[in-house]
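Read the structure below first, then the notes.
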Amino acid sequence: MDSNWLSYSLSDFLMFGPEVFLRLFVRINQDIWPWQGIAVIMVVAIGALLVRGDILARRGILLLMAAAWLWSGAGFLMEYYGPVNLPATWFGWAFVLQGALLTVVALVWRWDTVAEQSAMARWSSGIGWVVIMGLSPLLTVAQSGNWHSVALFAVTPHVTALGAVPCMLVLPRRIRWLFLLLPLVWGLFSVATLWTLGTRVLVVIPAATLALAVLALLFSPRRAQNRG
Amino acid sequence: MATELTRRKFLMALAATGLSLRLPSLMAASTGETITRTIPSSGETLPAIGMGTWRTFNVGGDQYLIDQRTDVLKTFFDLGGTLVDSSPMYGSAAEVMGEALDTLNARDKLFSATKIWTGDGDATREQDRASRRKWGIERFDLQQVHNLVAWQAHLETLQQMKANGEVRYVGITTSHGRRHGDFERIMEAEPLDFVQLTYNVLDREAEERLLPLARERGIAVIVNRPFQGGSLFQRFQSEPLPSWAGEAGCGNWAEFFLKFILSHPAVTCAIPATTKVEHMKENMGAMVGPLPDEQQRSQMADYVAGL
Ligand SMILES: NC(=O)c1ccc[n+]([C@@H]2O[C@H](COP(=O)([O-])OP(=O)(O)OC[C@H]3O[C@@H](n4cnc5c(N)ncnc54)[C@H](OP(=O)(O)O)[C@@H]3O)[C@@H](O)[C@H]2O)c1
């Protein structure tokens, strides 16, 4: 009986094909049109808040990030992805929980002081983040050849998780790890799923999420931590 | 259900789909009757090609893809197919099947086969009910214990359900060559109408014990993964068919793979899955024309092994 498990491969657990997966992005874009504008505004707003960098800006980043977890979890994961892939529903709940927790932290956490960052560092992190969030949605387009499959931050989970990891650096180190666990597990799950699905171009996003989450867990830059 | 499939009906269906115009070779091959098989426990006739739904029909709420899969199912029925196999394990496939059947209004053409797939041995009836609701049918033609999960309890309930007329046939399934020892013991001990297992030109373990046992015990055999989940095409489609393929009744690789299976005397039905109307037409082409004989069968296996 046990040796039977050795005869299973990842593809035995994959219940759907690449066509179905790539159409999830097309479908959600059709259904939410023209509300994609909100996702674009969220990206620009988080970029601007990263440039500003003070405590109020940090609360704003966390609140916007919380909204992104909630939207992509309750929308894409539960409504679109879940019906064809059961674990996606479980991740949907995890995304919603992450969003709820982050909202609480954003509202109640007391930063006594935050480390000063040079203007150069703030501008490069803000602009860098916006550029990555602007380019990574295009990978689904490259994979499918269809502009309607663009995978926006806050709407779709893969880009949301990627964008979340650098944003978690605004959290004090004490609680940061808690919010890096989901990107880590989601990254692992998505790398395995997208690789098995054969949508190899898309693997870049969860692989980068995974790598960044590991780096953030192992090396937490002191400048971002709570000194209070 | 028990659809009477005549050659005339089949040719009319071909003409209706326009297939006869596009595939003259299929028409030429269809000078014989379409290939049907008898279910040993009842004597009922079944077309020898059925349809699987793993992955292919799990499209969620995507109306565009539901319509597209409905076309695949329509082609299957039009070309004389009846047996559709699914499982509660296949995500949204059962709901999609129900919607496609609604659209086509084709439940009278259907031989419905699904599975019980739960570790809870008391949940047989509950899962059967849930599946019936999704398919929109009053009872399944065939209920199978999926991968032998909690098989004792499920089989006992299914036999009671059969006795009450709540299901017509009862079976068990495995795939990928797994648990053949247990499978064999159950085939020997239990009164089964059907077994479902993996058999194709590369995966031939079933030839050793299970297929002969099925003949001996009068159990119908459904063959899953006839294309090894599609990998047979990936490996061999770029290769030429052997020059003698026509003599064995095979005009393309789909027919080659399927007719190898159907020509085993124990096999009742193969259930290839596809997302494409064109592939469905190719696969249904294996239901007409001559089947390879014993010598051609070993030639086929040798040819593929040598590629
Ligand atoms: N344990 C169990 O009970 C069990 C296990 C496995 C399978 N099953 C049943 O058996 C069914 C069949 O097995 P399967 O779906 O795993 O594999 P399969 O039928 O061997 O292969 C399906 C694949 O073959 C491709 N294909 C089909 N016709 C083709 C053609 N004419 N030309 C080129 N490619 C073609 C399909 O791709 P396209 O979509 O591109 O055509 C699909 O990817 C399942 O759907 C399921 O119902 C049961």
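Residue 1 is the first one shown; counting continues down the chain.
Placement of Cβ uses the backbone N, Cα and C atoms for every residue, glycine included.
Noted in TrEMBL for the protein shown:
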TRANSMEM  A:32-51  transmembrane segment
TRANSMEM  A:60-78  transmembrane segment
TRANSMEM  A:90-111  transmembrane segment
TRANSMEM  A:123-144  transmembrane segment
TRANSMEM  A:150-171  transmembrane segment
TRANSMEM  A:178-195  transmembrane segment
TRANSMEM  A:201-219  transmembrane segment
- [ ] Test the contact criterion for the transmembrane segment (A:178-195) and the transmembrane segment (A:90-111): 3 or more CB pairs under 8 Å, pairs 6 or more apart in sequence, then answer yes or no.
- [x] yes
Task: Interface-richest range of A:32-51, A:90-111, A:123-144, A:150-171, A:201-219 toward the transmembrane segment (A:60-78), CB pairs under 8 Å - done: A:90-111
Open item on the list: Short question: most Cβ pairs under 8 Å with the transmembrane segment (A:90-111), which of A:32-51, A:123-144, A:150-171, A:201-219?
Closed with: A:150-171
Task: the transmembrane segment (A:123-144) touching the transmembrane segment (A:201-219) per 3+ Cβ pairs under 8 Å rule - done: yes
Task: Chain residues outside the transmembrane segment (A:123-144) and at least six past its termini with a C-beta under 8 angstroms from it - done: 22, 25-26, 43-44, 46-51, 150-153, 156, 159, 162-163, 166-167, 199, 201-202, 204-205, 208
